[in-house]
Amino acid sequence: MAKTKSRGRRVEKSADKLEKKAQSLFEDTKSTGEEGGDDSNEIDASLKSPFFGLVDSNELDYFKQAESTLNVNAFDSDEDREGFIRSVLEEARGKELKLVTNQICSKLMERLILFASDRQLKNIFGQFSGHFVALAHHKYSSHVLETLLVRSAALIEKELIHDDSSQNEEEREEQEEGEVTDPMEGLFIKMVDEFKPHLQGMLEHQYSSHVLRLLILILAGKELPSTTTSNSTLRSKKSKIARKMIEIKDNQDFNKSFQTPSSFKIQLRELCNSVSNNQNSKRMRELAIHKIASPVLQLLIQVEGLVDRDRTFWHLIFLKDSEDKNSQEEAFVEYLLSDSVGSHFLEATIKNDGARIKYIERLYKLYMEDRILKLAKRSTTGVYIIQALLFKLKPVDVEHILDEIIPELSNLISISENQNLDLGQRLIDASISRGNYRRDEIIEQLFLKFAPNYNVQDPQLKTTSEFIENVLQLTGSTLGNTRDDWPTAEERRRSFFLEKLMEYDYKFVICVWYNFLALPVERFIQMCFHGVFSHIVERALVVIPSSEGEPKPVLILRKRVLNLFKDQIVNMSCNSYGSHIVDALWNFSVLLPMYKDRIGTELQGDSHKVKESTYGRLVWKNWSMELFVRKKYDWKSLIKQQEQAYYGVNDENGTTSRVKKPIELKMEKLAEERRLREEAAAKSESGYKRRHEDDNEDDYAKKQKLRGRRR
């Protein structure tokens, strides 16, 4: 057969173009950091799909069965489970590397690590020694390695706290059996030394970058977040979903920070130096907008202050705080403000405590202060930077941002396109933290956007349901669907937004009541049984505090709302969502004993159905229905106690103190947090000035100070 002729001219031209483009793009990086580039190429060549052998078919069946047994966890006692784990580890001895690189067996190894004892954990760690870099770059073993690192961090803290002398006898036994007896701290440092030559290559690797993030968190003594629930700094959204599907749950070592030895600070400093070595601004800015390397760089900026006063990573990306506007930096910041990865990087560096406030203020003053409104209109990028700045800048700058955005708030928010709902909530929080700054204007803008025909000062019963229709988008939602559709993420976001508005000001609660009355009763009852919209009904059932005094029209309106639940109490009590609403009606019907009695009568009328339901029994208990049925006088005494609590609780002096509203409690909490931040900042600043003065003193002044002359 004749050889196939490869296409020549077009391929050569395209290859030449790509080569020239790459050369021009990375010319600066190569000229300043040639050694680092060569090292990363060596890493890629040496870590091509590490292969430690195949698992035998018979072994695979055994380990697969063991994995399912551990997943079910149907052991009679912890001793039975420990014996089972011991036998599986005995069978897996010498095959650990094959198992962790196998898709099915890697899940088994992860479960074994989660349940392993301290001795077993050290033995597994010892088996991986010398292969950590290869395992970190593998699709399956990298997850096993992350779990091993978390358990190792917990064991290091345990060894630090407990006295080693009590373990000498046990260690001798281990040594006789040929097991690993070194302290976990030493084993961990050896592993870090394995990673050091390859750190720059790990930054951009799909799997090893996650291991590197976890390594940084452990060395810095930071909290190790969950891998399945919260917005984890360890895993991507896709990875968290996958872990939920394979049903691997975290143990008690996650969502915690661990005590670390002093040697870890040295290791963290060396790690940071290894990453930043031979790097220039161009290269670091490329990493900042790289979708894999960017989260690692965010973490390095967050922790570098622990070991580096010069903030090397920050100043490789941005200029020093004493320098003026720079055209290249301006172009880079503009890209961060308009790119999804870049905006997330800048938002994270602002939110985290790693970067100094003066660094953030410099970027704000030079590149963002004059175009707040323009950035707020970038609903997928720039607006998140603005939200982060609201809680980092000085009060004067925060008020400037509020002054720019509040007059245009109605134009910035778009419910139908799910744009800037978070901005509205953050503005409310910022307004509260500034002592309800421009509160009335915010309320006016929100009503202008969602209920332009609603008269806030003099609402009428003829009010339409436009407010909740515009906010929740009930038309076209899953409300009333008979196919058991799950509520969508958009419906949850809108629901949270409306709950925030009702918490912010009681005017929104009154408006929601009028909208409930304007809805068809069937539509309203459907909301009570909906997984998301039922929360709106529940949050709307709040009463004006007695200190403010409930006007008579509002009291009458409250009665009208209670009438909407007539003949629906039993069905709602037996529903997982509606039962919470019935519980809330106890407080909502305060000062209205007749309505309480009517609800109790409904529950008693079909008590058999209510008591058969799990949720119904809870409602029966919360409404004290046993007293209602058997001791009506005692039940009415509960109502009297509730009314007394509503008007205020008598203290020892005989005075009456009212219960504070949630917004007042939140303002007090924010004020306390602000006070603590200011105290910490002042303390840090005074310490820095004192050290700076000491450095600038001449030798004679230092001697005089030591002698006690300058007290």
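Each residue, glycine too, has its Cβ placed from N, Cα and C.
Annotated region 'Disordered' per Swiss-Prot: 1-43, 161-180, 676-711, in sequence order. What Swiss-Prot records for 9-33, 676-702 is compositional bias 'Basic and acidic residues'. The repeat 'Pumilio 1' feature in Swiss-Prot is assigned to 91-126. Per Swiss-Prot, the feature repeat 'Pumilio 2' maps to 127-162. Among the features that Swiss-Prot reports, compositional bias 'Acidic residues' is placed at 166-180. Summarising the annotation, Swiss-Prot assigns repeat 'Pumilio 3' to 194-230. Residues or ranges marked as repeat 'Pumilio 4' in Swiss-Prot: 279-314. Taken from Swiss-Prot, the feature repeat 'Pumilio 5' applies to 328-365. Feature annotation from Swiss-Prot assigns repeat 'Pumilio 6' to 519-556. Here Swiss-Prot flags 563-601 as repeat 'Pumilio 7'.
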What does DSSP give as the helix, strand and coil breakdown of the repeat 'Pumilio 4' (279-314)? 25 helix, 0 strand, 11 coil
What stretch, picked from 91-126, 194-230, 279-314, 563-601, has the most CB pairs under 8 A with the repeat 'Pumilio 6' (519-556)? 563-601
Restricting to the same chain and to residues at least six past its boundaries, which positions have a Cβ under 8 Å from a Cβ of the repeat 'Pumilio 1' (91-126)? 50-55, 59-60, 62-64, 66-67, 70-71, 81-82, 85, 135, 138, 140-141, 143-145, 147-148, 151-152, 155, 158, 174, 179-182, 184, 187, 191, 246, 248, 250-251
Helix, strand and coil counts within the repeat 'Pumilio 7' (563-601) (DSSP): 26 helix, 0 strand, 13 coil
